[in-house]
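All remarks here apply to the structure that follows.
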């Protein structure tokens, strides 16, 4: 179409098309402005204060490759919420659309209507602006009325088309609103997920019995007592054969009887009490469903008490693996331990989990703060004591006794659906008379009758108490339901697992580091080293790291997060490297199931026999073999070692009149002294560096503490405080300062240590020829059987080396050999002391002469 302007000239077609494109583009911009919120809309969205229970907390999904995620358990998060402190109390403020989504029961229909009204007002304003701009554009169009009308009609058609697309945007908006409603619905579902996840799988269909093949579980009629859910979990976990303790205790526990179970470490005691609890819960599914419909919080089926936090979390993991195909989901098994958020644990307990694994301290704290919680927990069906010997001593029993008293007082007496007393299951690897004597001080001097005969002092040498005595001691404290609880001893003639090979390394008291390094260098694998003090643990870790051996620490002074991180790092290092070491105090001696522990090394002899048994039980688990090595000085061999071996070996005797061979099961570890002499300079340098690091750290902490105390007391001159210090403290400080090294000295020692570590150790000091000596090194290298760190030595394993070359300890009357070694060491020490005294006297004389000359 040809268009004309006012002066009669024809307007080019390109100009007309350009104007049409400009107008179309402007209309599109107008539609885009409709969807953008105005300042008025933003100001209308007011902040709202909500309660913490109304927020849509979402559980954080932790990937499997993160392990325990730095020690966080049951972490939850919330988005779009601000926290403001008003009068010392937190207030949760919700702002914007994201904040509205963070509220669980929020209805935002009124806000959406208000936003719609704002959109209509804004649309009218934009249309007026558009008409004004169109009037400016009309000045460039010709005066021909028909053509102007045609252009206007054309523009209206374009507007109608744009408005049609705008209608499509409205539809899209409605779809978006519907998606938002779905998101709100999903968010509400996420809110209730934590609450109802424990009952989400109640209608789970039964597995097919034909797919489950566990013939050995059916030998003792255990399979007929178990549901297909549990059998399916056992089949998938490859637990095809029940252990002796499981065969004998599971049927008794399923019958509702009180059970006292004793078995060696690593024998499957967790499943021995875990399977009956899971079965009890599955049998009560109908009651659980009814209470869920009535919105009544269920009482727990079982409460398991563990002495340590790590053991409690480990029990939860094991039960979750077995229950992964059962109606009880992972949120139905809850751990209640110290070191984690108590508010989080209160919220989890308010949802009614089926199984609770707790430490006594945190459980008592929760029960004292919430009476309703005590009433619900007191209705439990089963109470389990795992590692009972530890749980009933060292202050744990006072807390546990208070919990039992609260449960007894609050347990309903007239409820027919609940038995008058809960079922009690007690499991441990050791039941010693000395340990149980601490429970009842009044009976320390009294004899407890068993089998109609009074026990006298002559029988006190046995490591285990008689069966009747165990029941008598436990009955008064634990208040069993049955008059005669069933006692099951799966290993009556074993106190240490038969899969553990016990060994001994004879060394001086100051040579433990040297022989420990020799053991770790010669025998590759993962090793758990136990020490009696936290200071020794802190010293050994840097010493081994200086020797290029990856070492990690775990002790009671570490917070829970640090302990779990050390365990995860040790597991990762043991998978990547041939040698990994975890140095621990006795906090890791009980219950922990750390996979693939090849050796357990006792850097110090334990203070009691039960600790030695549980320490050694960290290896040779689940039917595997392991090695337990003791580093013993002559002073320890003459006293503590003999008592320990007598206590352990006494239980292996068939009858009381049989002669006990104290050293029958202990072998001497073969030690090559030529290799030890080459390793000595390395250990000395690494020890000096480790001592320097520890002393500087201790001095730094002490100085910071003294400065802080002086500032609080207003003391300016710190030198005056030295006059009031004790002489012992001054000596300790001088001893620490003497071990400190300056930076240049540390650099020099580290350089020397690197040079020594770079040079390989050579067997028999061989230097030149690969084929010389008794061992053909070239042949070993071709076959790939040579030792990586010792030239001329083949690869060896501690277990095989002990079986081939390990010699049994010959008990010489009076231990003449040990006494001779002790005398030699005493003479050497006496000579050193005499030299020091003579040196001090010479210095005093010189100092006295110099003072006289000055006068």
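Any Cβ shown, glycine's included, is placed from N, Cα and C.
Fair warning: this is a prediction, and the values are worked out from it, not measured in the lab.
Swiss-Prot lists motif 'Q motif' at one of the ranges 161-189, 190-218, 219-247, 248-276, namely 219-247. All protein chains considered, the CB of residue 267 (ATP binding site) has 24 other CB atoms within 10 Å. In the three-state DSSP scheme, residue 269 (ATP binding site) is classed as helix. Excluding the listed site residues 263, 264, 265, 266, 267, 268, 269, 270, the same chain places 243, 245, 272, 429, 617, 621 with Cβ atoms within 8 Å of the centre of the ATP site Cβ atoms. Within 10 Å of the Cβ of residue 263 (ATP binding site) there are 24 other Cβ atoms, across all protein chains. Within the model, the domain 'Helicase C-terminal' (515-668) shows a mean pLDDT value of 85, rounded to a whole number.
Within the same chain, residues at least six positions away from residue 270 (ATP binding site) with a Cβ under 8 Å of its Cβ are 315, 318, 319, 386.
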